[in-house]
Amino acid sequence: MADSEQKALHLVAEAERKLSSSKGFFGTLFGSSSKVEEAVECYQRAANMFKMAKKWSSAGKAFYDAGELHAKAGSRHDAASNYVDAANCFKKSDTNEAISCLLKAIEIYTDMGRFTMAAKHHQSIAEIYESEAVDLERAVHHYEQAADYFRGEESNSSANKCLLKVAQYAAQLENYDKAIRIYEQVASAALESSLLKYSAKDYFFRAALCHLCVDSLNAQHAIERYQEQYPAFQDSREYKLVKTLIEHLEEQNLEGYTEAVKEYDSISRLDQWYTTISYNILPIMDFILKFLPSTMHAEYKEAIKSTTSKMLEHVNNRSRSYQWSLEDFEIGSPLGRGKFGRVYLAREKTTQYMVALKTLYKVELVKGRVEKQVMREIEIQSHLRHPHILQLLTYFHDNKRIYLVLEFAARGELYKELKRQPNERFSEHLSAKYTYQVADALEYCHRNNVIHRDIKPENLLLTYNGDIKLADFGWSVHAPSSKRDTLCGTLDYLPPEMIMGQAYDFYVDHWCLGILCYEFLTGQPPFLSGSTQETYAKIKTISIQWPEQIKPPAKDLISKLIKKQSSERISLAGVKRHPWIVEHKNSPKRKA
(Lines of atoms letter the chains of each structure in order from A and count residues from 1; the text may use other names and numbers.)
(Lines give C-alpha, C1' and ligand atoms only; values in the text may rest on other atoms or scores of the structure.)
Protein backbone atom coordinates (compact mmCIF):
# COMPACT_ATOMS: atom_id res chain seq x y z
CA MET A 1 0.00 0.00 0.00
CA ALA A 2 1.37 3.41 -0.97
CA ASP A 3 2.37 5.76 1.83
CA SER A 4 -0.12 8.41 0.67
CA GLU A 5 -2.96 5.87 0.69
CA GLN A 6 -2.02 4.76 4.21
CA LYS A 7 -2.08 8.37 5.41
CA ALA A 8 -5.44 8.89 3.73
CA LEU A 9 -6.95 5.90 5.53
CA HIS A 10 -5.67 7.22 8.88
CA LEU A 11 -7.24 10.61 8.12
CA VAL A 12 -10.60 9.00 7.28
CA ALA A 13 -10.46 7.06 10.56
CA GLU A 14 -9.61 10.29 12.40
CA ALA A 15 -12.57 12.06 10.76
CA GLU A 16 -14.90 9.28 11.86
CA ARG A 17 -13.59 9.47 15.45
CA LYS A 18 -14.13 13.22 15.56
CA LEU A 19 -17.69 12.80 14.27
CA SER A 20 -18.34 10.09 16.84
CA SER A 21 -17.08 12.24 19.70
CA SER A 22 -19.18 15.20 18.52
CA LYS A 23 -22.31 13.13 19.13
CA GLY A 24 -21.40 12.22 22.72
CA PHE A 25 -22.35 13.92 26.01
CA PHE A 26 -19.40 16.33 26.09
CA GLY A 27 -19.87 17.16 22.43
CA THR A 28 -23.48 18.14 23.18
CA LEU A 29 -22.46 20.03 26.31
CA PHE A 30 -19.62 22.09 24.88
CA GLY A 31 -20.68 22.29 21.20
CA SER A 32 -19.83 19.96 18.36
CA SER A 33 -19.26 22.38 15.49
CA SER A 34 -15.50 22.47 15.92
CA LYS A 35 -15.32 18.66 15.80
CA VAL A 36 -17.38 18.62 12.59
CA GLU A 37 -15.12 21.25 11.04
CA GLU A 38 -12.08 19.18 12.01
CA ALA A 39 -13.72 16.07 10.49
CA VAL A 40 -14.36 17.96 7.25
CA GLU A 41 -10.73 19.00 7.12
CA CYS A 42 -9.64 15.38 7.67
CA TYR A 43 -11.90 14.16 4.85
CA GLN A 44 -10.56 16.81 2.47
CA ARG A 45 -6.94 16.01 3.33
CA ALA A 46 -7.69 12.29 2.96
CA ALA A 47 -9.26 12.91 -0.45
CA ASN A 48 -6.14 14.68 -1.68
CA MET A 49 -3.95 11.85 -0.35
CA PHE A 50 -6.15 9.32 -2.17
CA LYS A 51 -5.73 11.39 -5.33
CA MET A 52 -1.96 11.20 -4.98
CA ALA A 53 -2.28 7.40 -4.72
CA LYS A 54 -4.63 7.43 -7.74
CA LYS A 55 -7.38 5.82 -5.63
CA TRP A 56 -10.09 7.79 -7.40
CA SER A 57 -13.14 6.08 -5.93
CA SER A 58 -11.85 6.52 -2.36
CA ALA A 59 -10.95 10.15 -3.11
CA GLY A 60 -14.43 10.78 -4.46
CA LYS A 61 -16.03 9.19 -1.39
CA ALA A 62 -13.93 11.34 0.97
CA PHE A 63 -14.83 14.57 -0.88
CA TYR A 64 -18.48 13.48 -0.92
CA ASP A 65 -18.47 12.87 2.86
CA ALA A 66 -16.97 16.33 3.36
CA GLY A 67 -19.72 17.77 1.17
CA GLU A 68 -22.44 16.00 3.16
CA LEU A 69 -21.08 17.47 6.41
CA HIS A 70 -20.94 20.96 4.91
CA ALA A 71 -24.51 20.58 3.62
CA LYS A 72 -25.79 19.57 7.08
CA ALA A 73 -23.98 22.54 8.60
CA GLY A 74 -25.60 24.92 6.10
CA SER A 75 -22.35 25.75 4.29
CA ARG A 76 -23.92 25.37 0.88
CA HIS A 77 -21.13 26.85 -1.22
CA ASP A 78 -18.51 24.64 0.45
CA ALA A 79 -20.79 21.62 0.06
CA ALA A 80 -21.21 22.27 -3.66
CA SER A 81 -17.45 22.67 -4.09
CA ASN A 82 -16.86 19.33 -2.35
CA TYR A 83 -19.48 17.61 -4.54
CA VAL A 84 -17.75 18.95 -7.65
CA ASP A 85 -14.37 17.75 -6.35
CA ALA A 86 -15.94 14.34 -5.70
CA ALA A 87 -17.38 14.26 -9.22
CA ASN A 88 -13.98 15.01 -10.75
CA CYS A 89 -12.55 11.98 -8.93
CA PHE A 90 -15.49 9.71 -9.71
CA LYS A 91 -15.17 10.55 -13.42
CA LYS A 92 -12.08 8.33 -13.42
CA SER A 93 -13.79 5.39 -11.70
CA ASP A 94 -17.60 5.56 -11.70
CA THR A 95 -19.42 7.92 -14.06
CA ASN A 96 -22.81 7.30 -12.41
CA GLU A 97 -21.44 8.52 -9.07
CA ALA A 98 -19.85 11.51 -10.84
CA ILE A 99 -23.20 12.48 -12.34
CA SER A 100 -24.95 12.04 -8.98
CA CYS A 101 -22.44 14.39 -7.29
CA LEU A 102 -22.77 17.00 -10.03
CA LEU A 103 -26.56 16.92 -9.73
CA LYS A 104 -26.23 17.63 -5.99
CA ALA A 105 -23.97 20.60 -6.78
CA ILE A 106 -26.42 21.85 -9.42
CA GLU A 107 -29.30 21.67 -6.94
CA ILE A 108 -27.37 23.86 -4.51
CA TYR A 109 -26.23 26.37 -7.14
CA THR A 110 -29.73 26.79 -8.63
CA ASP A 111 -31.17 27.28 -5.13
CA MET A 112 -28.53 29.97 -4.52
CA GLY A 113 -29.33 31.63 -7.87
CA ARG A 114 -25.87 30.88 -9.26
CA PHE A 115 -27.16 29.73 -12.64
CA THR A 116 -23.87 30.11 -14.52
CA MET A 117 -22.24 27.58 -12.18
CA ALA A 118 -25.25 25.28 -12.54
CA ALA A 119 -25.01 25.58 -16.33
CA LYS A 120 -21.32 24.65 -16.33
CA HIS A 121 -22.03 21.50 -14.34
CA HIS A 122 -24.96 20.54 -16.61
CA GLN A 123 -22.41 20.90 -19.40
CA SER A 124 -20.03 18.57 -17.53
CA ILE A 125 -22.76 15.95 -17.16
CA ALA A 126 -23.54 16.23 -20.87
CA GLU A 127 -19.87 15.64 -21.67
CA ILE A 128 -19.89 12.48 -19.54
CA TYR A 129 -22.94 11.16 -21.40
CA GLU A 130 -21.29 12.21 -24.64
CA SER A 131 -17.98 10.39 -24.20
CA GLU A 132 -18.07 8.03 -21.21
CA ALA A 133 -21.60 6.73 -20.65
CA VAL A 134 -22.50 7.15 -24.36
CA ASP A 135 -26.14 8.19 -23.99
CA LEU A 136 -26.74 10.91 -26.56
CA GLU A 137 -30.33 11.58 -25.55
CA ARG A 138 -29.31 12.36 -21.97
CA ALA A 139 -26.38 14.40 -23.26
CA VAL A 140 -28.86 16.45 -25.31
CA HIS A 141 -31.06 16.99 -22.24
CA HIS A 142 -28.20 18.39 -20.15
CA TYR A 143 -26.80 20.54 -22.96
CA GLU A 144 -30.30 22.03 -23.36
CA GLN A 145 -30.52 22.74 -19.64
CA ALA A 146 -27.07 24.35 -19.70
CA ALA A 147 -28.04 26.50 -22.69
CA ASP A 148 -31.20 27.63 -20.92
CA TYR A 149 -29.28 28.72 -17.81
CA PHE A 150 -26.52 30.42 -19.83
CA ARG A 151 -29.11 32.34 -21.84
CA GLY A 152 -30.85 33.45 -18.64
CA GLU A 153 -27.53 34.90 -17.47
CA GLU A 154 -27.03 36.54 -20.90
CA SER A 155 -24.02 34.34 -21.67
CA ASN A 156 -25.22 33.95 -25.24
CA SER A 157 -21.93 32.65 -26.60
CA SER A 158 -21.87 29.80 -24.07
CA ALA A 159 -25.57 29.13 -24.67
CA ASN A 160 -25.02 28.83 -28.42
CA LYS A 161 -22.10 26.43 -27.94
CA CYS A 162 -24.38 24.14 -25.95
CA LEU A 163 -27.20 24.51 -28.48
CA LEU A 164 -24.85 23.52 -31.30
CA LYS A 165 -24.09 20.33 -29.38
CA VAL A 166 -27.83 19.72 -29.06
CA ALA A 167 -28.26 20.19 -32.81
CA GLN A 168 -25.32 17.91 -33.60
CA TYR A 169 -26.71 15.02 -31.60
CA ALA A 170 -30.33 15.68 -32.54
CA ALA A 171 -29.28 15.18 -36.18
CA GLN A 172 -27.42 11.98 -35.34
CA LEU A 173 -30.55 10.74 -33.52
CA GLU A 174 -32.53 11.66 -36.67
CA ASN A 175 -34.48 14.45 -34.97
CA TYR A 176 -33.81 16.67 -37.97
CA ASP A 177 -36.51 19.28 -37.29
CA LYS A 178 -34.94 20.10 -33.94
CA ALA A 179 -31.44 20.29 -35.45
CA ILE A 180 -32.64 22.55 -38.27
CA ARG A 181 -34.41 24.90 -35.86
CA ILE A 182 -31.26 25.31 -33.73
CA TYR A 183 -28.85 25.74 -36.65
CA GLU A 184 -31.08 28.40 -38.20
CA GLN A 185 -31.44 30.16 -34.84
CA VAL A 186 -27.66 30.23 -34.23
CA ALA A 187 -26.99 31.33 -37.82
CA SER A 188 -29.42 34.24 -37.47
CA ALA A 189 -27.73 35.28 -34.22
CA ALA A 190 -24.30 35.11 -35.90
CA LEU A 191 -25.45 37.41 -38.71
CA GLU A 192 -26.12 40.14 -36.15
CA SER A 193 -22.43 40.24 -35.18
CA SER A 194 -19.73 41.51 -37.52
CA LEU A 195 -17.23 39.19 -35.78
CA LEU A 196 -19.37 36.04 -36.06
CA LYS A 197 -21.06 36.73 -39.39
CA TYR A 198 -18.81 34.42 -41.42
CA SER A 199 -19.68 31.41 -39.24
CA ALA A 200 -23.33 31.62 -40.35
CA LYS A 201 -22.29 29.87 -43.56
CA ASP A 202 -21.39 26.72 -41.64
CA TYR A 203 -24.65 26.70 -39.66
CA PHE A 204 -26.76 27.19 -42.81
CA PHE A 205 -24.80 24.35 -44.44
CA ARG A 206 -25.56 22.03 -41.52
CA ALA A 207 -29.23 23.01 -41.56
CA ALA A 208 -29.42 22.38 -45.31
CA LEU A 209 -27.94 18.89 -44.93
CA CYS A 210 -30.52 18.12 -42.23
CA HIS A 211 -33.26 19.34 -44.59
CA LEU A 212 -31.90 16.95 -47.23
CA CYS A 213 -32.26 14.05 -44.81
CA VAL A 214 -35.99 14.77 -44.76
CA ASP A 215 -36.92 16.14 -48.17
CA SER A 216 -34.94 17.54 -51.12
CA LEU A 217 -37.69 20.06 -51.97
CA ASN A 218 -37.55 21.51 -48.45
CA ALA A 219 -33.77 21.70 -48.79
CA GLN A 220 -34.12 23.68 -52.02
CA HIS A 221 -36.52 26.14 -50.39
CA ALA A 222 -34.26 26.38 -47.34
CA ILE A 223 -31.09 27.33 -49.23
CA GLU A 224 -33.09 29.97 -51.12
CA ARG A 225 -34.08 31.48 -47.75
CA TYR A 226 -30.51 31.29 -46.47
CA GLN A 227 -29.31 33.06 -49.61
CA GLU A 228 -31.75 35.91 -48.94
CA GLN A 229 -30.61 36.17 -45.31
CA TYR A 230 -26.92 35.97 -46.18
CA PRO A 231 -26.23 36.75 -49.89
CA ALA A 232 -22.58 35.65 -49.58
CA PHE A 233 -23.79 32.10 -48.88
CA GLN A 234 -24.64 31.68 -52.59
CA ASP A 235 -20.97 31.99 -53.55
CA SER A 236 -19.75 29.45 -51.00
CA ARG A 237 -18.59 25.91 -51.78
CA GLU A 238 -21.12 24.69 -49.19
CA TYR A 239 -24.06 26.19 -51.07
CA LYS A 240 -22.82 24.73 -54.36
CA LEU A 241 -22.39 21.29 -52.78
CA VAL A 242 -25.96 21.28 -51.45
CA LYS A 243 -27.28 22.33 -54.88
CA THR A 244 -25.30 19.51 -56.51
CA LEU A 245 -26.51 16.93 -53.98
CA ILE A 246 -30.12 17.95 -54.57
CA GLU A 247 -29.67 17.47 -58.33
CA HIS A 248 -28.09 14.02 -57.90
CA LEU A 249 -30.82 12.95 -55.48
CA GLU A 250 -33.56 13.98 -57.90
CA GLU A 251 -31.79 12.07 -60.68
CA GLN A 252 -31.16 9.11 -58.31
CA ASN A 253 -27.52 9.36 -59.32
CA LEU A 254 -25.75 7.58 -56.45
CA GLU A 255 -22.35 7.66 -58.12
CA GLY A 256 -22.57 11.40 -58.81
CA TYR A 257 -23.73 12.06 -55.25
CA THR A 258 -20.81 10.10 -53.78
CA GLU A 259 -18.26 11.78 -56.04
CA ALA A 260 -19.59 15.24 -55.12
CA VAL A 261 -19.12 14.50 -51.40
CA LYS A 262 -15.64 13.06 -52.01
CA GLU A 263 -14.58 16.03 -54.12
CA TYR A 264 -15.71 18.50 -51.46
CA ASP A 265 -14.00 16.41 -48.77
CA SER A 266 -10.71 16.41 -50.68
CA ILE A 267 -10.55 20.23 -50.48
CA SER A 268 -12.46 21.07 -47.29
CA ARG A 269 -12.10 18.11 -44.95
CA LEU A 270 -15.48 16.94 -43.69
CA ASP A 271 -15.58 16.05 -40.01
CA GLN A 272 -17.37 12.90 -38.82
CA TRP A 273 -20.71 14.68 -38.33
CA TYR A 274 -20.77 16.00 -41.92
CA THR A 275 -19.80 12.62 -43.33
CA THR A 276 -22.45 10.80 -41.33
CA ILE A 277 -25.22 13.25 -42.21
CA SER A 278 -24.17 13.34 -45.88
CA TYR A 279 -24.74 9.62 -46.12
CA ASN A 280 -27.80 9.60 -43.88
CA ILE A 281 -29.41 11.60 -46.68
CA LEU A 282 -29.33 8.41 -48.71
CA PRO A 283 -31.08 5.26 -47.52
CA ILE A 284 -29.05 3.43 -44.90
CA MET A 285 -27.94 0.86 -47.48
CA ASP A 286 -26.17 3.61 -49.40
CA PHE A 287 -24.84 5.33 -46.29
CA ILE A 288 -22.59 2.31 -45.75
CA LEU A 289 -20.30 3.59 -48.50
CA LYS A 290 -18.62 5.60 -45.76
CA PHE A 291 -17.61 2.43 -43.99
CA LEU A 292 -16.25 0.42 -46.92
CA PRO A 293 -12.56 0.15 -47.78
CA SER A 294 -11.68 2.70 -50.47
CA THR A 295 -10.35 -0.07 -52.73
CA MET A 296 -13.85 -1.54 -52.96
CA HIS A 297 -15.79 1.54 -53.97
CA ALA A 298 -16.60 0.27 -57.47
CA GLU A 299 -17.96 -3.04 -56.20
CA TYR A 300 -19.47 -1.91 -52.93
CA LYS A 301 -22.51 -4.16 -53.29
CA GLU A 302 -20.28 -7.21 -53.43
CA ALA A 303 -18.29 -5.88 -50.51
CA ILE A 304 -21.45 -5.76 -48.43
CA LYS A 305 -22.20 -9.38 -49.28
CA SER A 306 -18.73 -10.51 -48.30
CA THR A 307 -18.50 -8.45 -45.12
CA THR A 308 -19.83 -11.14 -42.81
CA SER A 309 -17.65 -13.94 -44.15
CA LYS A 310 -14.54 -11.73 -44.06
CA MET A 311 -15.26 -10.60 -40.51
CA LEU A 312 -15.97 -14.17 -39.40
CA GLU A 313 -12.68 -15.29 -40.96
CA HIS A 314 -10.91 -12.48 -39.10
CA VAL A 315 -12.61 -13.42 -35.80
CA ASN A 316 -11.69 -17.08 -36.25
CA ASN A 317 -8.07 -16.18 -37.04
CA ARG A 318 -7.71 -14.37 -33.72
CA SER A 319 -6.24 -16.60 -31.06
CA ARG A 320 -8.67 -17.69 -28.36
CA SER A 321 -6.73 -15.61 -25.86
CA TYR A 322 -7.34 -12.40 -27.84
CA GLN A 323 -9.37 -9.93 -25.80
CA TRP A 324 -11.70 -7.93 -28.03
CA SER A 325 -12.46 -4.40 -26.85
CA LEU A 326 -14.16 -1.20 -27.96
CA GLU A 327 -10.75 -0.04 -29.23
CA ASP A 328 -11.05 -2.58 -32.08
CA PHE A 329 -13.96 -0.63 -33.60
CA GLU A 330 -14.77 2.77 -35.06
CA ILE A 331 -18.26 3.67 -33.90
CA GLY A 332 -20.70 5.17 -36.42
CA SER A 333 -24.34 6.24 -36.27
CA PRO A 334 -26.94 4.69 -33.96
CA LEU A 335 -29.10 2.09 -35.74
CA GLY A 336 -31.64 1.57 -32.99
CA ARG A 337 -32.28 1.31 -29.27
CA GLY A 338 -33.98 -1.11 -26.92
CA LYS A 339 -34.85 -1.37 -23.25
CA PHE A 340 -31.39 -2.51 -22.22
CA GLY A 341 -29.07 -0.74 -24.65
CA ARG A 342 -28.38 0.51 -28.16
CA VAL A 343 -27.16 -0.72 -31.53
CA TYR A 344 -24.54 1.21 -33.51
CA LEU A 345 -23.11 0.89 -36.98
CA ALA A 346 -19.41 0.19 -36.51
CA ARG A 347 -16.29 -0.63 -38.50
CA GLU A 348 -13.69 -3.14 -37.35
CA LYS A 349 -10.37 -1.32 -37.63
CA THR A 350 -8.19 -4.16 -38.93
CA THR A 351 -10.45 -5.47 -41.70
CA GLN A 352 -12.32 -2.17 -42.27
CA TYR A 353 -15.56 -4.13 -42.51
CA MET A 354 -18.92 -3.09 -41.13
CA VAL A 355 -20.76 -4.68 -38.24
CA ALA A 356 -23.68 -3.85 -35.98
CA LEU A 357 -22.44 -3.32 -32.42
CA LYS A 358 -25.13 -4.07 -29.84
CA THR A 359 -24.37 -2.59 -26.41
CA LEU A 360 -26.18 -3.85 -23.32
CA TYR A 361 -25.88 -2.08 -19.97
CA LYS A 362 -25.16 -4.58 -17.19
CA VAL A 363 -26.96 -2.56 -14.53
CA GLU A 364 -30.12 -2.48 -16.69
CA LEU A 365 -29.90 -6.23 -17.33
CA VAL A 366 -29.68 -6.88 -13.59
CA LYS A 367 -32.61 -4.52 -12.90
CA GLY A 368 -34.67 -6.31 -15.55
CA ARG A 369 -33.55 -9.73 -14.26
CA VAL A 370 -32.61 -10.85 -17.76
CA GLU A 371 -28.95 -11.81 -17.23
CA LYS A 372 -29.64 -15.50 -17.96
CA GLN A 373 -31.70 -14.54 -21.01
CA VAL A 374 -28.78 -12.57 -22.47
CA MET A 375 -26.29 -15.36 -21.78
CA ARG A 376 -28.65 -17.83 -23.46
CA GLU A 377 -28.97 -15.52 -26.47
CA ILE A 378 -25.18 -15.34 -26.79
CA GLU A 379 -24.72 -19.08 -26.35
CA ILE A 380 -27.37 -20.02 -28.92
CA GLN A 381 -26.75 -17.36 -31.57
CA SER A 382 -22.96 -17.83 -31.57
CA HIS A 383 -23.42 -21.44 -32.73
CA LEU A 384 -25.98 -20.84 -35.49
CA ARG A 385 -24.73 -20.55 -39.10
CA HIS A 386 -27.46 -20.07 -41.70
CA PRO A 387 -27.96 -17.57 -44.57
CA HIS A 388 -31.23 -16.33 -43.04
CA ILE A 389 -30.06 -16.06 -39.41
CA LEU A 390 -28.25 -12.94 -38.20
CA GLN A 391 -24.77 -13.99 -37.24
CA LEU A 392 -23.20 -13.22 -33.89
CA LEU A 393 -19.54 -12.80 -34.83
CA THR A 394 -18.07 -12.35 -31.37
CA TYR A 395 -18.76 -10.65 -28.05
CA PHE A 396 -16.87 -8.97 -25.20
CA HIS A 397 -17.56 -6.88 -22.12
CA ASP A 398 -16.18 -4.20 -19.84
CA ASN A 399 -17.14 -3.04 -16.35
CA LYS A 400 -20.43 -1.52 -17.49
CA ARG A 401 -21.52 -3.09 -20.77
CA ILE A 402 -21.75 -6.27 -22.80
CA TYR A 403 -21.02 -5.84 -26.51
CA LEU A 404 -22.38 -8.16 -29.21
CA VAL A 405 -20.64 -7.89 -32.60
CA LEU A 406 -23.35 -8.77 -35.11
CA GLU A 407 -23.67 -9.11 -38.85
CA PHE A 408 -24.87 -5.81 -40.33
CA ALA A 409 -28.30 -6.01 -42.01
CA ALA A 410 -28.22 -2.88 -44.15
CA ARG A 411 -31.96 -2.31 -44.62
CA GLY A 412 -32.91 -2.66 -40.97
CA GLU A 413 -36.11 -3.94 -39.39
CA LEU A 414 -38.65 -5.71 -41.56
CA TYR A 415 -41.38 -4.06 -39.47
CA LYS A 416 -40.32 -0.60 -40.70
CA GLU A 417 -40.21 -1.90 -44.27
CA LEU A 418 -43.77 -3.21 -43.80
CA LYS A 419 -44.98 0.19 -42.59
CA ARG A 420 -43.43 1.88 -45.64
CA GLN A 421 -45.44 -0.25 -48.08
CA PRO A 422 -48.65 0.90 -49.81
CA ASN A 423 -51.49 0.19 -47.34
CA GLU A 424 -48.77 -0.98 -44.91
CA ARG A 425 -48.76 -4.53 -46.26
CA PHE A 426 -46.53 -6.61 -48.51
CA SER A 427 -47.33 -7.94 -51.97
CA GLU A 428 -47.95 -11.66 -52.39
CA HIS A 429 -44.46 -12.02 -53.84
CA LEU A 430 -42.70 -10.43 -50.86
CA SER A 431 -44.99 -12.19 -48.35
CA ALA A 432 -44.26 -15.58 -49.90
CA LYS A 433 -40.54 -14.87 -50.22
CA TYR A 434 -40.19 -13.75 -46.60
CA THR A 435 -42.36 -16.60 -45.28
CA TYR A 436 -40.18 -19.11 -47.16
CA GLN A 437 -36.96 -17.62 -45.80
CA VAL A 438 -38.21 -17.54 -42.20
CA ALA A 439 -39.41 -21.14 -42.55
CA ASP A 440 -35.99 -22.13 -43.86
CA ALA A 441 -34.25 -20.44 -40.89
CA LEU A 442 -36.64 -22.03 -38.38
CA GLU A 443 -36.20 -25.46 -39.94
CA TYR A 444 -32.44 -25.12 -39.37
CA CYS A 445 -33.01 -23.96 -35.77
CA HIS A 446 -35.27 -26.92 -35.03
CA ARG A 447 -32.73 -29.36 -36.49
CA ASN A 448 -30.32 -27.93 -33.92
CA ASN A 449 -32.88 -28.23 -31.10
CA VAL A 450 -33.47 -24.47 -30.87
CA ILE A 451 -36.97 -22.98 -30.47
CA HIS A 452 -37.05 -19.24 -31.24
CA ARG A 453 -40.34 -18.45 -29.42
CA ASP A 454 -40.56 -14.79 -30.49
CA ILE A 455 -41.11 -14.62 -34.24
CA LYS A 456 -42.49 -11.20 -35.30
CA PRO A 457 -41.62 -8.50 -37.88
CA GLU A 458 -39.59 -6.51 -35.31
CA ASN A 459 -37.23 -9.49 -34.89
CA LEU A 460 -36.58 -9.88 -38.60
CA LEU A 461 -34.00 -7.79 -40.45
CA LEU A 462 -33.31 -7.20 -44.14
CA THR A 463 -29.96 -7.39 -45.91
CA TYR A 464 -28.90 -4.99 -48.65
CA ASN A 465 -30.34 -7.43 -51.21
CA GLY A 466 -33.67 -7.66 -49.39
CA ASP A 467 -33.24 -11.09 -47.81
CA ILE A 468 -34.44 -12.04 -44.34
CA LYS A 469 -32.19 -12.34 -41.30
CA LEU A 470 -33.81 -13.89 -38.23
CA ALA A 471 -32.56 -12.00 -35.14
CA ASP A 472 -33.11 -11.46 -31.41
CA PHE A 473 -32.71 -14.87 -29.81
CA GLY A 474 -33.41 -13.47 -26.33
CA TRP A 475 -36.45 -15.70 -25.84
CA SER A 476 -35.02 -18.68 -27.70
CA VAL A 477 -34.19 -21.92 -25.93
CA HIS A 478 -32.05 -24.97 -26.62
CA ALA A 479 -34.57 -27.73 -26.01
CA PRO A 480 -33.32 -31.24 -26.85
CA SER A 481 -36.03 -32.61 -24.54
CA SER A 482 -38.58 -30.92 -26.82
CA LYS A 483 -41.28 -29.94 -24.27
CA ARG A 484 -41.25 -26.54 -22.49
CA ASP A 485 -43.73 -24.63 -20.32
CA THR A 486 -42.47 -21.00 -20.03
CA LEU A 487 -44.87 -18.24 -21.12
CA CYS A 488 -42.88 -15.90 -23.37
CA GLY A 489 -43.00 -14.10 -26.69
CA THR A 490 -45.30 -11.32 -27.95
CA LEU A 491 -49.01 -11.23 -27.05
CA ASP A 492 -50.48 -11.16 -30.58
CA TYR A 493 -48.28 -14.10 -31.59
CA LEU A 494 -48.82 -16.40 -28.58
CA PRO A 495 -50.15 -19.88 -29.48
CA PRO A 496 -53.06 -21.48 -27.55
CA GLU A 497 -50.83 -23.97 -25.70
CA MET A 498 -48.77 -21.13 -24.20
CA ILE A 499 -51.66 -19.00 -22.94
CA MET A 500 -53.34 -22.09 -21.46
CA GLY A 501 -50.17 -23.00 -19.58
CA GLN A 502 -49.65 -26.30 -21.37
CA ALA A 503 -46.33 -27.88 -22.30
CA TYR A 504 -45.24 -26.95 -25.81
CA ASP A 505 -42.58 -27.80 -28.37
CA PHE A 506 -41.11 -26.63 -31.70
CA TYR A 507 -44.60 -26.17 -33.15
CA VAL A 508 -44.99 -22.83 -31.34
CA ASP A 509 -42.73 -21.40 -34.05
CA HIS A 510 -45.02 -22.87 -36.75
CA TRP A 511 -47.97 -21.01 -35.20
CA CYS A 512 -45.98 -17.76 -35.13
CA LEU A 513 -45.03 -18.25 -38.78
CA GLY A 514 -48.74 -18.41 -39.67
CA ILE A 515 -49.44 -15.19 -37.73
CA LEU A 516 -46.45 -13.59 -39.44
CA CYS A 517 -47.65 -14.53 -42.93
CA TYR A 518 -51.11 -13.10 -42.11
CA GLU A 519 -49.51 -9.82 -40.95
CA PHE A 520 -47.38 -9.65 -44.10
CA LEU A 521 -50.52 -9.76 -46.26
CA THR A 522 -52.83 -7.54 -44.17
CA GLY A 523 -50.56 -5.24 -42.16
CA GLN A 524 -51.67 -6.47 -38.73
CA PRO A 525 -51.87 -9.77 -36.81
CA PRO A 526 -55.18 -11.70 -36.90
CA PHE A 527 -56.02 -11.63 -33.17
CA LEU A 528 -55.35 -7.93 -32.53
CA SER A 529 -57.89 -6.64 -29.96
CA GLY A 530 -58.56 -3.85 -27.52
CA SER A 531 -57.50 -5.83 -24.46
CA THR A 532 -55.33 -8.75 -23.45
CA GLN A 533 -58.34 -10.84 -22.44
CA GLU A 534 -60.04 -10.28 -25.82
CA THR A 535 -56.84 -11.33 -27.59
CA TYR A 536 -56.59 -14.47 -25.44
CA ALA A 537 -60.21 -15.35 -26.18
CA LYS A 538 -59.70 -14.97 -29.95
CA ILE A 539 -56.55 -17.11 -29.85
CA LYS A 540 -58.27 -19.88 -27.88
CA THR A 541 -61.16 -20.04 -30.37
CA ILE A 542 -59.01 -19.19 -33.43
CA SER A 543 -61.43 -16.42 -34.33
CA ILE A 544 -59.99 -15.00 -37.57
CA GLN A 545 -61.33 -12.50 -40.11
CA TRP A 546 -60.14 -13.23 -43.68
CA PRO A 547 -59.90 -9.97 -45.67
CA GLU A 548 -60.06 -10.09 -49.46
CA GLN A 549 -56.33 -9.49 -49.95
CA ILE A 550 -55.68 -12.98 -48.56
CA LYS A 551 -56.34 -15.18 -51.58
CA PRO A 552 -57.53 -18.80 -51.10
CA PRO A 553 -54.06 -20.38 -51.62
CA ALA A 554 -52.50 -18.09 -48.98
CA LYS A 555 -55.46 -18.73 -46.66
CA ASP A 556 -54.89 -22.46 -47.06
CA LEU A 557 -51.27 -22.17 -45.91
CA ILE A 558 -52.05 -19.86 -42.97
CA SER A 559 -54.92 -22.13 -41.85
CA LYS A 560 -52.57 -25.12 -41.84
CA LEU A 561 -50.13 -23.23 -39.61
CA ILE A 562 -52.69 -21.73 -37.21
CA LYS A 563 -54.08 -25.00 -35.85
CA LYS A 564 -55.20 -25.26 -32.22
CA GLN A 565 -53.70 -28.74 -31.94
CA SER A 566 -49.98 -28.15 -32.36
CA SER A 567 -49.22 -31.59 -33.83
CA GLU A 568 -51.64 -30.85 -36.70
CA ARG A 569 -49.66 -27.82 -37.90
CA ILE A 570 -47.99 -28.17 -41.28
CA SER A 571 -44.26 -28.96 -41.24
CA LEU A 572 -41.74 -26.29 -42.20
CA ALA A 573 -40.68 -28.42 -45.16
CA GLY A 574 -44.37 -28.46 -46.12
CA VAL A 575 -44.49 -24.66 -45.87
CA LYS A 576 -41.53 -24.33 -48.24
CA ARG A 577 -43.14 -26.52 -50.90
CA HIS A 578 -46.71 -25.21 -50.46
CA PRO A 579 -48.20 -24.23 -53.88
CA TRP A 580 -48.75 -20.59 -52.84
CA ILE A 581 -45.11 -20.24 -51.72
CA VAL A 582 -43.76 -21.97 -54.83
CA GLU A 583 -45.86 -19.78 -57.14
CA HIS A 584 -45.04 -16.41 -55.60
CA LYS A 585 -41.65 -16.49 -53.84
CA ASN A 586 -39.46 -16.05 -56.93
CA SER A 587 -41.50 -13.94 -59.36
CA PRO A 588 -42.77 -10.48 -58.34
CA LYS A 589 -46.48 -9.92 -58.87
CA ARG A 590 -48.40 -6.68 -58.96
CA LYS A 591 -48.92 -5.33 -55.43
CA ALA A 592 -52.28 -5.87 -53.82
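In case you wondered, yes, glycine gets a Cβ from its N, Cα and C as well.
Per TrEMBL, coiled coil is recorded for 126-186.
For the domain 'Protein kinase' (329-581), the model's pLDDT averages out at 86. The domain 'Protein kinase' feature in TrEMBL is assigned to 329-581.
For GLU458 (ATP binding site), the number of other Cβ atoms no farther than 10 Å from its own Cβ, over all displayed protein chains, is 15. Annotation comment: TrEMBL describes LYS339, LYS358, GLU407, PHE408, ALA409, GLU458, ASN459, ASP472 as ATP binding site.
What TrEMBL records for ASP454 is active site, proton acceptor. Around ASP454 (active site, proton acceptor), a 10 Å sphere centred on its CB holds 19 further CB atoms from the protein chains shown.
Other C-beta atoms found within 10 angstroms of the C-beta of LYS456 (SUMO2 cross-link) number 18, with every protein chain shown included. DSSP assigns LYS456 (SUMO2 cross-link) to coil, not to a helix or a strand. Sequence annotations record features per position, and here TrEMBL assigns SUMO2 cross-link to LYS456.
Between the CA atoms of ASP454 (active site, proton acceptor) and LYS358 (ATP binding site) there is a gap of 19 Å, rounded to the nearest whole number. Within 10 Å of the C-beta of GLU407 (ATP binding site) we count 21 further C-beta atoms, all protein chains included.
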